[in-house]
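To start, the structure under review is shown below, and the notes come after it.
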Amino acid sequence: MAFSTNGSEESELYHAQIHLYKHVYNFVSSMALKSAMELGIADAIHNHGKPMTLSELASSLKLHPSKVNILHRFLRLLTHNGFFAKTIVKGKEGDEEEEIAYSLTPPSKLLISGKPTCLSSIVKGALHPSSLDMWSSSKKWFNEDKEQTLFECATGESFWDFLNKDSESSTLSMFQDAMASDSRMFKLVLQENKRVFEGLESLVDVGGGTGGVTKLIHEIFPHLKCTVFDQPQVVGNLTGNENLNFVGGDMFKSIPSADAVLLKWVLHDWNDEQSLKILKNSKEAISHKGKDGKVIIIDISIDETSDDRGLTELQLDYDLVMLTMFLGKERTKQEWEKLIYDAGFSSYKITPISGFKSLIEVYP
């Protein structure tokens with residue numbers, strides 16, 4: 001194919017090439033971030049208490065001298081991507097030369113170990129080989145007439161079976177840590193949306209894992225009788241207190257009764273048919289409360305008309321993650337509305353929260 005020498009067409013071609021190459025090599029930025037997390041760069045700078053020069057950072061990380069220039073090139077990309085910032089500092093005493101030092105930015109502060117907002121386990125889980133290797137089977141998956149996830153097509157087992165085949169596995173622990181770290185971020189949401197839980201006497205957190213979210217709610221509303229409802233192998237060894245109870249069961253069969261049902265990061269794991277069953281069981285769980293009961297959903301509500309292209313891209317990325325791992329989905333407002341009304345609810349309210357998620361209140 002011959003391309004015109006017209007300047008406009010050449011410019012378009014070059015921009016198209018840049019666009020394609022950028023998306024092809026996006027994985028490099030992800031893996032560089034994972035490397036920074038594994039090395040503990042954010043921890044080193046945080047513990048140092050001030051920006052660190054390249055030599056200080058390499059020394060703190062106990063890197064071989066031959067890796068200092070490699071570290072510089074990783075930091076150059078990560079700084080360009082907004083994870084670190086560069087500043088100029090004076091050299092050591094007696095040295096008049098100035099040096100570049102690296103400091104933390106808001107995104108890299110999310111990698112500081114031990115902080116409630118630490119999301120290192122999210123990075124670790126999302127970029128785990130089990131999450132990445134399956135994509136090599138995508139052509140086979142498209143060409144097979146089987147109702148299975150891409151993960152199943154690649155590994156021969158569902159993600160849940162892979163996760164639960166060994167209750168002591170590091171993979172299960174990593175997944176639980178990732179869910180717990182995301183739940184800790186919920187505290188910010190809770191502080192801004194206390195009204196959602198006011199007036200309630202009881203709440204059941206469906207798929208609540210080890211109870212991270214429920215404990216945060218319980219801190220602010222200690223009178224609230226909370227139940228964490230999850231699979232028996234998840235909650236079997238957990239202990240609560242007078243107002244915090246752990247119950248094992250199957251949300252597709254029934255959900256414990258309460259004034260409100262919380263579904264945080266649950267429905268996007270499932271297709272519409274399965275989600276409809278969960279919502280109907282949730283409606284039954286709050287039936288004793290009449291019109292005063294409600295279901296509280298925290299999930300993504302996709303808005304493809306948003307001016308924030310980065311936000312929309314993240315939401316669409318999540319949609320493909322849910323599809324390929326679970327045959328689940330992220331939903332648009334119209335899809336949420338249909339699902340909610342099909343489950344027999346009378347009204348709902350969607351409030352954007354927490355960056356890319358939404359809080360959806362559903363009423364009988």
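Heads up, the Cβ atoms here are built off N, Cα and C, so glycines get one too.
What Swiss-Prot lists as S-adenosyl-L-methionine binding site is Val206, Gly207, Gly208, Gly209, Asp230, Gln231, Asp250, Met251, Lys264. Swiss-Prot lists His268 with the feature active site, proton acceptor.
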| remark: Spacing of the two Cα atoms, Val206 (S-adenosyl-L-methionine binding site) and the residue listed as 'active site, proton acceptor', in whole angstrom, works out to 13
| said: Roughly how many Å lie between the Cα atoms of the residue listed as 'active site, proton acceptor' and Asp250 (S-adenosyl-L-methionine binding site), rounded to a whole value? | reply: 17
| said: Between Asp230, Asp250, which of the binding-site residues has its C-beta surrounded by the fewest other C-beta atoms within 10 Å? | reply: Asp250
